[in-house]
Amino acid sequence: MADEFGNGDALDLPVGKDAVNSLIRENSHIFSDTQCKVCSAVLISESQKLAHYQSRKHANKVRRYMAINQGEDSVPAKKFKAAPAEISDGEDRSKCCPVCNMTFSSPVVAESHYIGKTHIKNLRLREQGGVKEGMVNQAKKTRTPTVATKSDNKMDHSDRAKFCKLCHSTFNNPLMAEQHYAGKKHKKQETKTQIMTIYTSSGQTPAQAPIPLNLNSPMPGSGSAGKGFSCDKCNIVLNSIEQYQAHVSGAKHKNQLMSMTPLSEEGHQAVVAPSAIASGSAGKGFSCDTCNIVLNSIEQYQAHISGAKHKNHLKSMTPLSEEGHTAAVAPSAFASGSAGKGFSCDTCNIVLNSIEQYQAHISGAKHKNHLMSMTPLSEEGHTAAVAPSAFASGSAGKGFSCDTCNIVLNSIEQYQAHVSGAKHKNQLMSMTPSSEEGLPSAVGPSAFASPLSAGGALSSGGPSGRGFCPSGDLTPKGPSSFGSLPPLGSLLPPLYPPAHSSQPYVHDDTMSPDGYNYFNEDFE
């Protein structure tokens, strides 16, 4: 192998067996016939040895190795073409990067490296003191990793720049430590530790005793740190500190704590005995023996015992004594088998769900109508039109029947409106001829049912070819000229006048009650 490098772009390769053996003898500390320490290659044959030492890959690795260890006595200085002092900084940058321990085959590759992220990151670390200056110290540090690890282990719990006790994280340099302490993970762990310390040492709610310190809960530096937030009272694990805070301040956690001790608030003991709270359902809900239900939380339980349903169940166990209620419904209706299930009205044969519904029912029209249907009405005018038996008939409880009109009304109001209306009165009048003054006998129901004999031969559609009007007007008038009177045949003159008269036929019989004169225009 030649003793010198070229211009830095390539290394002169040994040619032939003698040149290879000479290279091995000159660099026996790194080369041998069976092993190349620079390439970490094991050579098992003569041909493999010659091929390896004459390869370009081996020459590049040797050049990189010498560039890194150029200050060591073990590497001969004659391997380089010129001394480092004779080489400018620009030429050094194009050959190798002492910061990243890299060599380059051309200035283009070197320039690409210097503008890359890796070089910029390593340069920043070196400027901040993370990477020691001097490649000799770097080489020693890389050659003795065991010693460095031992020294780091001694500083695990004392050097904050190399170890985080809270997160159990180690750092290679101060920059990594600063990034960690300013990061989200470390801040979250700090918040978690603070919250857990507060809730496990001095946290308490108004309705409970102080929570005892839980040794199994996540504490700073414990093994469970970073894996969740446990609540031993509710036997659950929360994923974040926000969820834990929401849980311990929520109703479920408070109910779980309160379910372990009977309630002592004023007013609750009178409604439900403490045994209902401390019963076998403790921790699973709050039972109300009166209503036979279980509530999920103390808030629901308090709302239940102060609500209408619970009060109605309590009232249903004792007959009502309010004025006016006992008269309509006997106390036995409340003490019957339906107690606790509703309020029954024997009058209407229905069951109400609450005392409010019952009170509204007995004061309503339906209940009053049923009461009135059991006794004949005594109001003036009603009994004359409808017999008392109409109220006490089989339709009682289902409506109010009118035998005159053969209909059934749903309420007493409808019945009263019916008997005072025109339809009912007309039905009564149609059963007996009217005798009121001024109404002709022909206007009765029979008058509309059949034409009179006087005009039986005429149709009711009015005269044909004859005119009739008030005061002798010759203009023919239709049936509407008579107002509300129907065009009856009895009001029309006969077809022909009597034979003994030559005067126009006007007879007293043709005078209508309204003063109409009926005549035949053929007889003038």
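The backbone N, Cα and C atoms fix where each Cβ goes, and this holds for glycine too.
According to Swiss-Prot, the feature Zn(2+) 1 binding site maps to Cys36, Cys39, His52, His58. Other Cβ atoms within 10 Å of the Cβ of His52 (Zn(2+) 1 binding site) number 17 in total over all chains.
Marked as Zn(2+) 2 binding site by Swiss-Prot on the basis of experimental evidence: Cys97, Cys100, His113, His119. Taken residue by residue with DSSP, His113 (Zn(2+) 2 binding site) is part of a helix. Long-range neighbours of His113 (Zn(2+) 2 binding site) (same chain, six or more residues apart, CB within less than 8 Å of its CB): Cys97, Cys100, Met102, Phe104, His119.
Under the heading compositional bias 'Low complexity', Swiss-Prot lists 476-486.
The annotation region 'Disordered' is assigned in Swiss-Prot to 453-486 (among others).
The region 'Disordered' annotation in Swiss-Prot covers 494-513 (among others).
The zinc finger annotation in Swiss-Prot covers 34-64 (among others) and rests on sequence analysis.
The zinc finger annotation in Swiss-Prot covers 92-126 (among others), and the record cites sequence analysis as its basis.
As annotated by Swiss-Prot, zinc finger applies to 162-192 (among others).
According to Swiss-Prot, the feature zinc finger maps to 226-260 (among others).
Residues of the zinc finger (286-316) grouped by DSSP class, helix first, strand second and coil last, total 17 helix, 6 strand, 8 coil. Under the heading zinc finger, Swiss-Prot lists 286-316 (among others).
Taken from Swiss-Prot, the feature zinc finger covers 343-373 (among others).
Within the zinc finger (400-430), the DSSP-based counts of helix, strand and coil residues read 17 helix, 6 strand, 8 coil. As annotated by Swiss-Prot, zinc finger applies to 400-430 (among others).
All chains included, 17 other C-beta atoms sit within 10 angstroms of the C-beta of Cys100 (Zn(2+) 2 binding site). Secondary structure counts, DSSP: the zinc finger (343-373) has 17 helix, 6 strand, 8 coil. Averaged across the zinc finger (400-430), pLDDT for the predicted model comes to 87. Taking the binding-site residues His58, His119 in turn and counting surrounding C-beta atoms within 10 angstroms, the largest count is reached at His58. Less than 8 angstroms from the CB of Cys36 (Zn(2+) 1 binding site) sit Ile30, Leu43, His52, Tyr53, His58, each of them six or more residues away in the same chain.
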